[in-house]
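Novice: Pulled from Swiss-Prot, these are the listed features:
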{"type": "ACT_SITE", "residues": "S558", "note": "active site, charge relay system"}
{"type": "ACT_SITE", "residues": "D641", "note": "active site, charge relay system"}
{"type": "ACT_SITE", "residues": "H673", "note": "active site, charge relay system"}
{"type": "CARBOHYD", "residues": "N96", "note": "N-linked glycosylation site"}
{"type": "CARBOHYD", "residues": "N252", "note": "N-linked glycosylation site"}
{"type": "CARBOHYD", "residues": "N485", "note": "N-linked glycosylation site"}
{"type": "CARBOHYD", "residues": "N605", "note": "N-linked glycosylation site"}
{"type": "CARBOHYD", "residues": "N699", "note": "N-linked glycosylation site"}
{"type": "REGION", "residues": "268-292", "note": "region 'Disordered'"}
{"type": "SIGNAL", "residues": "1-19", "note": "signal peptide"}
Amino acid sequence: MAPAKWLIASLAFASTGLAFTPEDFISAPRRGEAIPDPKGQFAVFPVSKYNFDTKDRPSGWNLLNLKTGDISVLTTDADVSEITWLGEGTNLLYVNGTDSVKGGVGIWISDAKNFGNAYKAGSIPGAFQGFKLAKSGDKINFVGYGQSTTKGDLYNEAAIEKPVSSARIYDSLFVRHWDAYVGTQFNAVFSGALTKNGNKYSFDGKLKNLVQPVKYAESPYPPFGGSGDYDLSPDGKTVAFMSKAPELPKANLTTSYIFTVPHDGSKVAEPINKRNGPRTPHGIEGASSSPVFSPDSKRIAYLQMATKNYESDRRVIHIAEVGSNKPAQRIASNWDRSPESIKWSSDGRTLYVTAEEHATGKLFTLPSDARDNHMPSAVKHDGSVSAFSFVGSSKSVLITGNSLWSNALYQIATPGRPNRKLFYANEHDPQLKGLGPNDIEPLWVDGARTKIHSWIVKPTGFDKNKVYPLAFLIHGGPQGSWGDNWSTRWNPRVWADQGYVVIAPNPTGSTGFGQKLTDDITNDWGGAPYKDLFKIWEHVRDNLKYVDTDNGIAAGASFGGFMINWIQGQELGRKFKALVSHDGTFVGSSKIGTDELFFIEHDFNGTFFEARQNYDRWDCSKPEYVAKWSTPQLVVHSDYDFRLSVAEGVGLFNVLQEKGVPSRLLNFPDESHCVTKPENSLVWHQQVLGWINKFSGINKSNPKAIKLSDCKVEVIDHEAGSYFDY
């Protein structure tokens, strides 16, 4: 399409301005999981909102009326870090981060109807979170987690004497994981009890470490483990937790077990699904997750993968009897989806599970005794499910969800019935005003081997008779997806409202479309996925007349960053006006510097020294590829990214500069694989969007679009003969 035609069309669109800006995106309220009270009348959830003027993020807790959808403020005390229902009417337990014990937290008891009238039940001498409660006689037993010292005590950073040397000494892996160097402390689940004295509960300060007696065990497992890694039985007597297999090398294998242990720690925890154990189905030795007790406390449901070094293998539901030596039962094992979380119905007959299907996080139900060929039934709801809880003892669940068009969707869902909307953020928050599902639609295109899904995200005020440049966004993983959910980092709506039509493809390797598509990227990073992307681009060029591919851009992070680097040296790289590579691999042999070796050893069919040819096969730095580089490229890489060393980004930038390709490096010394700090996020958006807008022509047609000059961070340029005028 001729640039002049696009320019006229864009000028017509430019008069609408920018509907959803990075400032709106970053400052919009962020709400967490809504958890209902035992009777299903109210739900409590956290909320925070970044303020660009004061440079802080005030936080608090709200109450959601489950009948009316009305929201009221429970507390604006930012020191309240956690709230959970006590299990008695509207009574609450909350954690206060300020305490008389330096570095510790306080446990407080209150009532949702009069939150200010609270009393302190006790102190915990260290950071502690993830409370789960269960009645046990006249006590309330609880579990939660914090960090443990090697002796098994709760770690308190404020009480630790600073060492005189900064040296670290390692005899095994991990050395560093995700964004931090591994130290001697580790996560552990602790148990305790609240004792009732008259009308009040008190805590005696005694905690039992349930994990430390198992040498080399850790739960929740970092970097993303949380309260979903453990559970407390409804009778309060037994605790289940997930840990990586203590006897196996954690950086090389994904194998993990579900352990059970008495709440009082009177016995050492034992695994119920140990590799090659009598209770473990034959051949099952992968990652375990999401242990949850049945209502009668007699069974545990959990998820487990089969393969021992593959983090994206298909999860299968298992059910084991507590205290029995019988083998665990596999439930609906032929279902070609990968469940992510489980809950039991109040009668124990039905399982509610979440799983991704066709780029949407859905809720499903199935009998707890379902046979292998049973296909779970989907429950109707909007958007994607991020969490859910039962409303009282009914079959209805309160869903906390989100979508591409709203960052918070609270709704009631009941199997066999339409969902009932309670609160949708895009209908209330001024920052999200105008966002909705009408600007988003799926696209299916014949790919390299099968039909491939993409999302089309259109700008606010979209007019099908006008033309918009293409923003081609490639997701990470590679075993991931662009789902119908809200991203707090790469948000397609922010890109679209600069004046683009966003195409967000789910090529080979993506999750939620059957395990085969996910598996097919193994040892084929630059093969089928690249062909899929090229075919999608061609389909958009030939069939979507409102998309200008001549002035399009492409961007990606993580695996998407690798793919951008790969595209730069391929034919598709010449189809774009600008590229953005965020934390992408560049040199094939550099992958050995990553943290989780099981990832590369699975995806490249062997170790770095035994299958070197596979690592070199998709090496973006090969001279024959670099010789083709010419498309302007922004490189983003941060210092705390230990998945992919910052040297990858610097090396990529070095070559771009020496090749004379218009390029810029954006580095954050205090960020990791993702840029999460609000002010850094704003700079990221100003640089990334400013970069693509400059080369796509948006800056010329729409004066309100972001420019590189909008960023107030000074550019470092020591080259007197700089060839490129920014």
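Keep in mind that glycine also has a Cβ here, set from the backbone N, Cα and C atoms.
Give me the local environment of each listed feature.
Specialist: Around S558 (active site, charge relay system), the C-beta neighbours below 8 angstroms that are at least 6 residues distant in the chain are G476, G477, H582, D583, G584, R643, L644, H673.
Neighbours of D641 (active site, charge relay system), defined as other CB atoms within 10 A of its CB across all chains, total 22. Reduced to three states, the DSSP call for D641 (active site, charge relay system) is coil.
Under the three-state DSSP scheme, H673 (active site, charge relay system) falls in the coil class.
In the three-state DSSP scheme, N96 (N-linked glycosylation site) falls into the strand class. Within 10 Å of the C-beta atom of N96 (N-linked glycosylation site) sit 17 other C-beta atoms, taking all shown protein chains into account.
Cβ neighbour count for N252 (N-linked glycosylation site): 15 (other Cβ atoms within 10 Å of its Cβ, all protein chains included).
In the three-state DSSP scheme, N485 (N-linked glycosylation site) falls into the coil class.
In sequence order, T522, N523, A611, N614 constitute the residues six or more apart from N605 (N-linked glycosylation site) in its chain with CB-CB distances below 8 Å.
Secondary structure at N699 (N-linked glycosylation site), as computed by DSSP, is helix.
Long-range contacts of the region 'Disordered' (268-292) within the same chain: residues 210-211, 213-214, 217, 228-231, 239-242, 245, 248, 254-261, 300-308, 310-311, 313, 315-316, 318, 320, 324-328, 330, 339-344, each at least 6 residues beyond the stretch ends and with a Cβ under 8 Å from a Cβ of the stretch.
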Novice: Counting across all protein chains present, how many other Cβ atoms fall within 10 Å of the Cβ of H673 (active site, charge relay system)?
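Specialist: So the Cβ neighbour count for H673 (active site, charge relay system) comes to 21.
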Novice: DSSP on the region 'Disordered' (268-292): how many residues come out helix, how many strand, how many coil?
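Specialist: The counts are 0 helix, 7 strand, 18 coil.
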Novice: Hey, how far is N96 (N-linked glycosylation site) from N699 (N-linked glycosylation site), Cα to Cα, in Å?
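Specialist: A Cα-Cα distance of 48 Å.
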Novice: Out of N485, D641, N699, which of these recorded positions is nearest N252 (N-linked glycosylation site) by C-alpha distance?
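Specialist: For N252 (N-linked glycosylation site), the closest Cα among N485, D641, N699 is found at D641.
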Novice: Does N699 (N-linked glycosylation site) have same-chain partners at least 6 apart in sequence with Cβ under 8 Å from its own Cβ, and which are they?
Specialist: N693, A705, K707
Novice: Just jot down the residues in the same chain as N485 (N-linked glycosylation site), at least 6 apart in sequence, with C-beta under 8 A of its C-beta; none if empty.
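Specialist: Result: G361, G383, S384, S386, G401, N402, S403, L404.
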